[in-house]
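*Asks:* Take a look at this one; I'll ask things after.
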Amino acid sequence: MTALRRTISIIFVFYLSCTLFVNIFGVQARNLCKTDEDCVLRCQDPGANCILGICHCSRQQVETELTKVIRCKTDRDCPDSHQCPKDYYYACLNNGECTCISV
């Protein structure tokens, strides 16, 4: 009976160890790249490169934040940028709306 309990415990610990091992390396594998094509798809940028297993996007991506709609024709029509979060500023986008953006 003791041998059976010990065998079941060893199998359970082995199963748990394998599960954790696969989960840890599965998370890391998602952040890595093998070819430039992987990076082109991730960055949505034809100039992206895979360097030492890490994607490097050639162009900067613009982050936008949703704000209340303010109509504009130029950036001067938008309110002061101090109303935007840090490192953001107001810009008049093509659709004629002021939006806080970060470049």
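Using N, Cα and C of the backbone, Cβ positions are placed for all residues, glycine too.
According to Swiss-Prot, the feature signal peptide maps to 1-29. Swiss-Prot lists Cys33-Cys50, Cys39-Cys55, Cys43-Cys57, Cys72-Cys92, Cys78-Cys98, Cys84-Cys100 with the feature disulfide bond, giving similarity to another entry as the kind of evidence.
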*Asks:* Taking only the Cα atoms, work out how far Cys72 (disulfide bond) lies from Cys43 (disulfide bond), in Å, as a whole number.
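*Replies:* With the alpha carbons as reference points, the distance is 31 Å.
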*Asks:* Would you count the other C-beta atoms found within 10 angstroms of the C-beta of Cys50 (disulfide bond) for me?
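*Replies:* The Cβ of Cys50 (disulfide bond) has 18 Cβ neighbours within 10 Å.
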*Asks:* Under a three-state reduction of DSSP output, how is Cys39 (disulfide bond) classified: helix, strand, or coil?
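*Replies:* For Cys39 (disulfide bond) - judged by DSSP and reduced to three states - the answer is helix.
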*Asks:* For Cys84 (disulfide bond), list the number of other Cβ atoms lying within 10 Å of its Cβ atom.
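*Replies:* Counting Cβ neighbours of Cys84 (disulfide bond) within 10 Å gives 20.
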*Asks:* Just checking the disulfide-bonded residues Cys43, Cys84, Cys92: which sit within 10 A of Cys55 (disulfide bond), CA to CA?
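*Replies:* Among Cys43, Cys84, Cys92, the ones whose Cα sits within 10 Å of that of Cys55 (disulfide bond) are Cys43.
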*Asks:* Tell me the Cβ contacts of Cys39 (disulfide bond) under 8 Å, same chain only and six or more apart in sequence, or just say none.
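*Replies:* Residues satisfying the criterion: Cys33, Asp45, Ala48, Asn49, Cys50, Cys55, His56, Cys57.
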*Asks:* Sequence order is fine: just name those disulfide-bonded residues in Cys43, Cys84, Cys92 with a Cα within 10 angstroms of Cys98 (disulfide bond).
*Replies:* Cys92
*Asks:* Out of Cys43, Cys78, Cys84, give those disulfide-bonded residues positioned within 10 angstroms of Cys92 (disulfide bond), comparing C-alpha atoms, in sequence order.
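*Replies:* Correct set: Cys78.
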*Asks:* Between Cys78 (disulfide bond) and Cys100 (disulfide bond), how far is it from one CA atom to the other, in Å?
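*Replies:* Cα-Cα, rounded: 10 Å.
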*Asks:* In angstrom units, rounded to an integer, how far apart are the Cα atoms of Cys84 (disulfide bond) and Cys43 (disulfide bond)?
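*Replies:* Between the Cα atoms of Cys84 (disulfide bond) and Cys43 (disulfide bond), the distance comes to 26 Å.
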